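Accompanying notes for the structure given below.
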Amino acid sequence: MGVLMNITELPSDDLIAVYRTYEYVMFIATTLIVGYTLAIMLLTSLKSLSNYKWYLIHGIVWGYSFDSLGALIGAITLFPLPCYYGVNAAGSLRGSSQVLYFFIGFNCAMGKILAVFLQFEHRFQQALPLDSWYRKKLDFLHGKYEVHYRIALYIILGASINAPVFISLPNQVEQRQLLSDMDPVLAYIYQQHPTTSCFSSGTESWVVRITVLWLLVVVMTEVFLLSFIYSSIHRLKLSVNTYRLQVMLFWSLVAQMAGLFVFIMAPGLVYLGGATLGVRNMPTISVFCFAFFISHTGIDCLMVLFFIKPYRNVVLRNFGILHRSSRAWEPTSIAPNHGIKVVH
């Protein structure tokens, strides 16, 4: 029995074996699903979704990057201690390479959350009347320089978050010595996994607490915006075709948010909340949480393909072609078959 952690809190060898296999299988499956989804979205011409699809692609790319990094490292977090080690290929990275890997993964997670926010903001903006204050004053965010503003937002947000995290990084050699001297179990972990790294000094991390608060804010904001978008769609006087388009995209967004909550938000609150509250057995619990995390992007792609009817039709048509003639998939161009005048 250790002072800060018990050896029984670590995942068993059998669980680690299943965890490693699952992550590699999910990495391959997600790669195939994401590739197929992006091919459909990029090669399908649909004027009514010409703008919105880039918000979807933005989120998918960030999500796939995060899932890939997570799967390739197979992280096991030693919460409530701000340390981790990896059991997959990237877990063998040492020193500054491991720190760099952590920051890349951290920024991919941040990009994923930002992509969700921008997608919500776009649907929120589209649900407002043309004469609303928001659309009048902030219309420039969706104009000619939209991409430039998005990049600037990411740079500002990234700098404001990365700077304090970077400052809080400990000297890994000193941290290893400190924790090893404090607890024989941690000394054993360092011996078995010499690439174990910490993202904060000492035995606690303010980064974790702040992230928990942000997750709670994100969940509440999503619920509010979904409610507002739903009420706005039914309140505005829209043409039949525009109404159908808005309702379709709304339910697609609801499905995506349900997937985000099940695979990211809920396990994220367990993962980070458990660390904040000092819950025991977090190294084992983190294995199950990461299994959910790296499954999200593939599920998200399936939600997009199913709930957005034009993409669903392409999928059905492609599989029909495959079953009938066993030929490889060919790009299909779909023109809008209704008179939607509003471009989203």
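Quick reminder: no glycine exception, Cβ is built from N, Cα and C everywhere.
Caution: TrEMBL annotation is automatic and unverified by curators.
In TrEMBL this protein carries:
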TRANSMEM  24-43  transmembrane segment
TRANSMEM  55-79  transmembrane segment
TRANSMEM  99-118  transmembrane segment
TRANSMEM  151-169  transmembrane segment
TRANSMEM  206-229  transmembrane segment
TRANSMEM  249-273  transmembrane segment
TRANSMEM  285-308  transmembrane segment
| remark: Among 24-43, 151-169, 206-229, the most Cβ pairs under 8 Å with the transmembrane segment (55-79) come from 24-43
| field | Intrachain residues whose Cβ lies under 8 Å of the transmembrane segment (285-308), provided they are six or more past its termini | value | 11, 15-16, 19, 22-23, 26-27, 29-30, 33-34, 36-37, 40-41, 49, 56, 59-60, 63-64, 66-67, 70-71, 74-77, 79, 248-249, 251-252, 255-256, 259-260, 262-264, 266-268, 270-271, 274, 279, 315
| Which residues, given as numbers and ranges, are at least 6 beyond the ends of the transmembrane segment (24-43) yet have a Cβ under 8 Å from it? | 53, 56-57, 60, 64, 67-68, 71-72, 88, 291, 294-295, 297-298, 301-302, 304-305, 311, 314-315, 318, 329, 331-333
